[in-house]
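Going by Swiss-Prot, these are the annotated features:
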| type | residues | note |
| --- | --- | --- |
| BINDING | 415-422, 1056-1063 | ATP binding site |
| DOMAIN | 57-347 | domain 'ABC transmembrane type-1 1' |
| DOMAIN | 380-625 | domain 'ABC transporter 1' |
| DOMAIN | 699-986 | domain 'ABC transmembrane type-1 2' |
| DOMAIN | 1021-1259 | domain 'ABC transporter 2' |
| CARBOHYD | ASN232 | N-linked glycosylation site |
| CARBOHYD | ASN384 | N-linked glycosylation site |
| CARBOHYD | ASN469 | N-linked glycosylation site |
| REGION | 1-21 | region 'Disordered' |
| REGION | 635-672 | region 'Disordered' |
| TRANSMEM | 57-77 | transmembrane segment |
| TRANSMEM | 104-124 | transmembrane segment |
| TRANSMEM | 179-199 | transmembrane segment |
| TRANSMEM | 206-226 | transmembrane segment |
| TRANSMEM | 284-304 | transmembrane segment |
| TRANSMEM | 318-338 | transmembrane segment |
| TRANSMEM | 699-719 | transmembrane segment |
| TRANSMEM | 740-760 | transmembrane segment |
| TRANSMEM | 817-839 | transmembrane segment |
| TRANSMEM | 843-865 | transmembrane segment |
| TRANSMEM | 930-950 | transmembrane segment |
| TRANSMEM | 960-980 | transmembrane segment |
Amino acid sequence: MAEPESEKPSSAQGGGLPSSDHPLNPILQRQIELPEIKINYFSLFRYATVKEYALLLISAFFAAVSGAMFPLLILFIGNLVQVLKDFNLGTIPQEQLSEQIRDIALYIVYLFLGQLVSVFIFTNGCLLVGEAITNAIREKYVRSLFRQNIAFFDTYGSGKITSQLTSSTATIQDAISHKIGLFVSACSCFVASYAIGFVKHWKLTFILTSTVVAITGVMIIMSGFMAKFGANSSGALAEASAKLEETFSGIRVVKALGLEKRLSDELDPQLLNIEFWGKRVRHVMGWMLAIMYGLIFLNYGLAIWQGYRFMQGGTEDVGAIITVLMCLNIGAFLFGNVGPHLQAMSLGAAAAQDIFAVIERESVTDGGAPPGSFEVEGNIEFRNVSHVYPSRPDTHVLQDFSMIFPAGKVTAIVGASGSGKSTIVSILERFYEPVSGQVFLDGHDITHLNVQWLRQQFGLVGQEPVLFNGSIFKNVAYGLKGTQYGQESREVTMKLVTEACRIANAHDFITALPHGYDQEVGIRGASLSGGQRQRIAIARAIVSGPKILLLDEATSALDVQSEEAVQLGLNMASSGRTTIVVAHSLSTIKLADNIIVMEKGRVAQQGTHAELEAQEGLYQTFVRRQQLKQATLEPPHARITPAVDTPASPQHRLSEKTGSIYGQGESEAADKSPSTKYSFVQLVKFVARFNKEDWRLMVTGIASAVISGAVWPAHSVFFAKAIVALSSPSPASLARGPNFWAAMYVMLAFVQIASQGVQGSAFAICAERLILRARRVAFKYLLRQDVEFFDDPLHSSGIMTSFVSSDVNALAGLSGVFLGTLFSATATVLGGLILSLAVGWKLTLVTMGTIPIIIVAGYVRLKLVGTLEKISRKVHEESAGRVCEEINAVRTVAASCLEDEMCEDYVRSLKSKEKTYLRATLWSSGWYALSEAVPLGCMSLGFWYGATLVMRTEYTTEQFFIVVTAVIFGASSAGLVFAFAPDFGKAGVSAERLQELVDRQPEVDTWSEEGDHIETTNGKVDVSNVVFYYNQRSKTPVLNSISLGAAPGQSIGLCGGSGSGKSTVASLLERFYNPSSGTVSLDEKDVRTININSYRAQFALVNQEPLLFSCSIRENLLYGSLGKDLTDSEIEEACKMAQVYDFVCSLPEGLDTSFGSNAVMLSGGQRQRLSIARAILRKPRVLILDEATSALDSTSERAVIEALTKTAEGRTTIMVAHRLSTIQGCDKIFYLRAGAVAEEGTHEELMAKRGSYYDSVNLQSLG
């Protein structure tokens, strides 16, 4: 559809744009630029509804209530300290002490119940709000994408879209769901602590505020760095995702060229760039937490030292001092835990930057004009139209083009590749805005018309047919969207669909399929042949009876019988309609009312077929070059045997051996009970292997984490000693008074900063290296898989891109912050347990009994989160994969006005998991609330029983506080580990999928060294009695006992109806698949006995739909070199042979010119010729051309055929073709029907037989 481009901007805003002083810059810039917007954390809530805001406020309220529980607990602890001091001094009797202890314990029980309820409500509410708002962002993003002009997508790749719909939105959701509740709870704790502190002792509270100011400053500074580094990391990930999506989309080309290792190596610098920025984010995070915890311990020292001074002045008692000390420090402690939450929030804001920029971008074609109010006649006028593409501002694709297309007439456009033919259609459809000139429809400037209404007046069939995953009926019915028939019943719609399919010559093959019109076509129509897809696309274009038909190589993928039948149908459909036909095959336009011959963006000739044929000029040359060598021809007659259509492309044949890495069975079953093939221990061992080389860093990190965790039991001792010292009648007389313990806290602070900082840095490096290696493994093992693996809809390019970029990233949940927290918490629990047992075993045994409850509750929640993560990720990846598929076909979506339909499909997929998500969230929140509330119950029990032991004089006050403090921090640490349950659950799911991928053994394994290694071959190819099923459960074979062959150096042609098995033979020869039975042999050796890599090195394949990669022309061509260094002269010679040399020389940077994803701004012919040049550089012994010249104009086709004929000397050549002029010079031609050879012979022999081949030649005659 599109015309040449030379360079691809690196983003939607840069790269290949003209310089700022270029006169066309504003016109081109506005077609692709993204608005510059400023995003902060609160911007993430801009799409929340009133209901969601209400639920968020309720959740925030209960989060605040939850946060206030600990300061209230400290208030009671302070009262208990004062009561115990009074009891020790003899100022209150034992009975009063017992009564006050009971009251305090009962109040703490109330706090336990309040915590249980409040945590459940805020957790559940935050998770639901986060899911709802993120889904709203996803929906807005997808709707905005489908609103954009087509030029925007030429620089904004589908890989980036996939990454943003999966990885980036997951980051946003993480920032606005549970994390916000935890953040509010921590802030509430902080505020409540200060409120109590100011009430109890405002002077001491004010002094201790200095430390909190320092903590806040550290958080602000460090968060700024994290946001900056996080944005760089997200940008690097988006670039890598684009490369991944491009690779998986062209997996057949990758396999045919043997590019697996090369592409892995090329991706590595981008993965290293992601690791570079990721490590910086985690380094900053680790040291921020270390400094914050160090400041907390300094605060303890300051409080003890200053509190003692106040006590010396007689201004306050020890209870108030301890209350202020513990309140401010527990507030600062929990506030210090917001570090990971702030990191998540800053990463969420960074991830939203590009997403919100797309959402807020106004398309240059989406002016919002009301639908047209006039009756369309179909008069079209181009007036002085000039056009350039943003990446080539110095090259005019159209130059001052003026032309009238009369209403009700058929106008054909022909010309060489890149002459501007398809650009005319693109501008008429408003895919691009011309840089000058105007286009009128019935006298109305089309830029003033509503773009959707305008496109509804057209029926467009593109050169490369695009179908969407769904039934045939649904695909054809898409053509009715937005028209007067769009809301009709299925019965009425079916009649319209059936009639359109009859005209498009598709009805017979559709009814022959197992499910008829309800047959699923698969991703991109994978279950149908190219010709079948083309006919369905034609039916979709004409089903609504549009006023104007735009046919851009509409019959290029059809066999000759189908082409003739469809052409007759199109002639019928064109009656009374304005029809514009872009064509290379001149046999399809002989009856046009006017034929325009384009050359370099200008009109070179125009007239009828007869007039132009009689004139000396380009058209006459085209006709002469397409003329077939013929015997005496007769008109086609009843002897013509229609092609028998069978599904001719793969639709996943999965068995246990070749199963999906996304599990077995139907999605509903998977939703109910996601299968787990591996135990937790197996997965941990598997993930640990990625950090095997980092064992020294791991040991350093673990040792530092143990020291960091052991600080808290030491803190318990220091704290108890300080309380005893402050409670003493004469603290100054003590050998180790309050000042000594204040100094010990200064020492403890520096130990904590050093140990936690080293821990954070060590695990930061380990986590990012783990992700780097896991991504490398994931990509390499995916490239190892055979083509059959990628035929599975669950392994689409979008889903696999998400797997490498997003899923694998989740493995950090088993490393980094989580690993540090796990070892630190373990050291705290074990250290506290040992200390407590040594100091007071009775109280320890009673209070420690609650920790197993925390662990069980956390474990159950972990399992629930894992289940929820599997369901949620499956839905999001599949829906993102569909969007990616649709964006790749955005021209078809836009031309058919399917934007709203595609958006609604996406929204329905998001809503499909709402009930499951709600149920899992309720259970998960309940168990999490229990794990958070149990420590308060533990404290209640501990204070009651411990105080009772003190009252009985079995324990001293020092023993009591050492044990209780150690147990409190032990229980809190145990609960803190399970706060990472969501991250841990994601990591578990990702580890399982990666393990399944690594364990999967492909049937055709490019890693295998087995088989004979061959340096060269004679090129003798044989297919003997081959039967082949794309689907193991299919009853109809695609190839049915077929036998054919080619002698060394011989050229053979394969022709026949769509679905007859031509391309399947090519796929078997390339060993994309193994035959179900029979033998494919090379030099009389079964190809399965030859090493796959050395086998494919003897072959070169040029596909019907050419694929080029996002790099320079030189790099694209060198992909065919088998790793050999080639000189420029060798490359240029290949370009000359492929008739693309002149075009390359016309580009600003020649061979070093880069272009966008799949070279979308090159014409189909230019892409095809570059693909042929790449094949020539491969110097193959066997050359496979699967419709290799289908996209070429007649001049280029004839030149390329001559070049291929020359290069084929001494090589075996297999040519698959619909256009018989391509294969008439072959040594032997095989005409296929229903997967078997119906006729064979030379062109002359087959013409003499007057069979199906003879009839096909008749149908393509230009005479």
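Here the Cβ of each residue, glycine as well, is placed from N, Cα and C on the backbone.
Computed from a predicted structure; not experimentally measured.
ASN232 (N-linked glycosylation site) is 51 Å away from SER1060 (ATP binding site) when you measure Cα to Cα. Same-chain residues lying 6 or more positions outside the transmembrane segment (699-719) and placing a CB less than 8 Å from one of its CB atoms are 297, 300, 741, 744-745, 748, 751-752, 755-756, 758-759, 762-763, 766, 819-820, 822-828, 831-832, 834-835, 961-962, 965-966, 969-970, 973. When each of 104-124, 179-199, 284-304, 930-950 is checked for Cβ pairs under 8 Å to the transmembrane segment (740-760), 284-304 comes out on top. Ranking the recorded positions ASN384, SER419, ASN469, SER1058, SER1060 by how many other Cβ atoms lie within 10 angstroms of each Cβ puts ASN384 at the bottom.
Of the recorded residues, ASN232 (N-linked glycosylation site) and SER419 (ATP binding site) place their C-alpha atoms 41 Å from one another.
Taking Cβ-Cβ distances under 8 Å and a sequence gap of 6 or more within the same chain, the neighbours of LYS1062 (ATP binding site) are LEU1054, CYS1055, GLY1056, ASP1186, VAL1216, LEU1232. Counting neighbouring Cβ atoms within 10 Å of each of the recorded positions (ASN232, SER417), the lowest count belongs to ASN232. Fewer than three CB pairs closer than 8 A are found between the transmembrane segment (930-950) and the transmembrane segment (284-304), and contact between the two stretches is not assigned (pairs 6 or more residues apart). Each residue contributes its Cα atom, and for SER1058 (ATP binding site) and ASN384 (N-linked glycosylation site) those atoms are 41 Å apart.
Cα distances from ASN384 (N-linked glycosylation site) to the recorded positions SER417, SER419, ASN469 are smallest for SER419. When Cβ atoms from all protein chains are considered, those within 10 Å of LYS421 (ATP binding site) total 30, not counting its own. In the structure as shown, the Cβ atom of GLY415 (ATP binding site) sits within 10 Å of 27 other Cβ atoms.
Contact between the transmembrane segment (179-199) and the transmembrane segment (817-839) is not supported, since fewer than 3 Cβ pairs fall under 8 Å when only residues 6 or more apart in sequence are counted.
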